[in-house]
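This report concerns only the one structure given below.
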Amino acid sequence: KKKTQPQQQQLHSGEASPAGLALPAPRGERAPAAAPLRMTVTKMSWRPQYRSSKFRNVYGKVANREHCFDGIPITKNVHDNHFCAVNAKFLAIVTESAGGGSFLVIPLEQTGRIEPNYPKVCGHQGNVLDIKWNPFIENIIASCSEDTSVRIWEIPEGGLKRNMTEAVLELYGHSRRVGLVEWHPTTNNILFSAGYDYKVLIWNLDIGEPVKMIDCHTDVILCMSFNTDGSLLSTTCKDKKLRVIEPRSGKVLQEASCKNHRVNRVVFLGNVKRLLTTGVSRWNTRQIALWDQEDLAMPLIEEEIDGLSGLLFPFYDADTHMLYLAGKGDGNIRYYEISTEKPYLNYLMEFRSPAPRKDWV
């Protein structure tokens, strides 16, 4: 067999190589000018899939058992409200009881199993429907009940040693059971209460009397929320309306009839002049909506969450502009970041747990 050698391409001086490189010309000869190099730049249309956020990797972690409170007989009342409250010293939890309402007050450092005979606050004649700590005095807590009363309690340092039955103040002004209490955020000893008589009473605790009544609702009030300085009060109602009220005059500044979004809870979003509501859409899916507090004609955005039935509770951290959504009976908590520019509401991630929750503080 004949072996064939591959042909070698000879390059002469001044000719271009296959790679496009010119060999140096012999001495005394001028090399031809090389063809100019041209580069084509393609304009990229790539955009990031997620909005950049320093809270993107925030995550939750379940506390160890020794750092939990165990053995507490939590109330079975189906009233859609908070039954626990916490401050820097104490945790208060409404408990199941017979023959009147009661709640526990436990120092935060006293974790572990709670004995069945642990001392309780048990002065109400009906079920306790709401409890709130005074933001100015950490030992003062307000409670309201089905017995139509609002009561103010002073918890001793170190917690209760025996059952407490005598309140510092007993406030009577509602004709039906009282479902909500809310402290004014900037003025001490001013308390708001909402009853099933469709009225909001403003109490001055220095004199123990109501100083103002807001009578603009046509059905049961579901939620109350103040803006940062307490100059505005927002309410949701069973009449499917969202209201922004000036507390001093009782005047309704803005009102929205929510036909496609049946509102349940509302929260002011710090100083960004926005309101966030949770509710149910016309297809019975859980939904959140963002509103401009100065114009409630239409929500800025509406977003469907899921098809579960538990009530969604919004919690807003004004320092980080983060919103937390927790639902009764859910095993997860969703995190969002609030911004002043579109799309306003930015989903971050969620915490998941196999155990369902009844409340969140």
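Cβ coordinates come from backbone N, Cα and C, glycine included.
Summarising the annotation, TrEMBL assigns compositional bias 'Polar residues' to 1-12. The annotation compositional bias 'Low complexity' is assigned in TrEMBL to 21-33. TrEMBL lists 48-112 with the feature domain 'DUF1899'. Per TrEMBL, the feature region 'Disordered' maps to 1-33. Look at TrEMBL and you will find 121-163, 171-213, 214-255 tagged as repeat 'WD'.
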Discussion item. Summarise the domain 'DUF1899' (48-112) as counts of helix, strand and coil residues per DSSP.
Written reply: 3 helix, 19 strand, 43 coil
Item to complete: Tell me the residue counts in helix, strand and coil for the repeat 'WD' (214-255), as DSSP assigns them.
Response: 0 helix, 23 strand, 19 coil
Discussion item. Need one number: mean pLDDT over the repeat 'WD' (171-213).
Written reply: 97
Worksheet item: Tally of helix, strand and coil residues over the repeat 'WD' (121-163) according to DSSP?
Response: 0 helix, 19 strand, 24 coil
Practice prompt. Go ahead and report the DSSP secondary structure tallies for the repeat 'WD' (171-213): helix first, then strand, then coil.
Written response: 0 helix, 24 strand, 19 coil
